[in-house]
């Protein structure tokens, strides 16, 4: 009896099999959706590499080239800019020519660094950093921010004071200013408004052709002044001009003689300095601004070239390892 017993397999209901298949399909769909979400969460590394390569190849070099064109334009402007009257006594035209040549040299070196950035990225960056830092240092000196104490560095504020306050140099400058007729336009002009609006006058005319405002003088015409009878003695102007004067004040040095006027006054000397300083102050501001912009631009080009050379593989591997 026991040997004749047969084992009959139990078949699962159809509903149970359908449920199992449905569960399996749901699990597969859930896994696929999770994979898609994980892929969507990954950063678009390929797009980032493309953007960096585009910047390294086209945008940054073109921007740097157009930025360096300002050096060329300013150098040409300095070459053809008319020198101020009497500044050749101090040798400033030669300094202006050297500044123009220096700007042209920086323009050539900047574009050479752009051309050789793929073969020699590090040497090109080092050369440009050294040149641009030196140019920025000179710009700060010209702008008056960096007070250089050396007398040999020309066209700075301290250099101008030392040169102009020298008696030998000033005698030559004074004769030149008189020969150029700096005060001729004021000889026959009568004051329409009292007092004169000195702010609109050039520094030379304000300092050399008129007495200082602190002298309390009235004008018969633009070049003939007399002291008020009820006023006290003229005010000393040594304090106003840095205490660099001698015994006599500018008010006592003033004469109504066309050949004397205030040519020996400290106000005339400082007016001459202000006339020359404006051009070199503008040059200093330009050098500071353009050196900072070129320094940032060349640094970005170096980083983009470094990225382009290695195709960002190291960073991509680090990002992918961090995500997994």
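Here the Cβ of each residue, glycine as well, is placed from N, Cα and C on the backbone.
Because the structure is a prediction, the values reported are computed rather than measured.
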| query | Looking at the ranges 45-77, 144-176, which is given as transmembrane segment in TrEMBL? | reply | 45-77
| In TrEMBL, which of 12-33, 122-143 is labelled transmembrane segment? | 122-143
| In TrEMBL, which of 79-97, 98-116 is labelled transmembrane segment? | 98-116
| message | At a C-beta cut-off of under 8 Å, are there same-chain residues at least 6 beyond the transmembrane segment (98-116) that contact it? List them, or none. | response | 61, 64-65, 68-69, 71-72, 74-76, 78-79, 124-125, 127-128, 131-132, 135, 283, 294, 298, 301
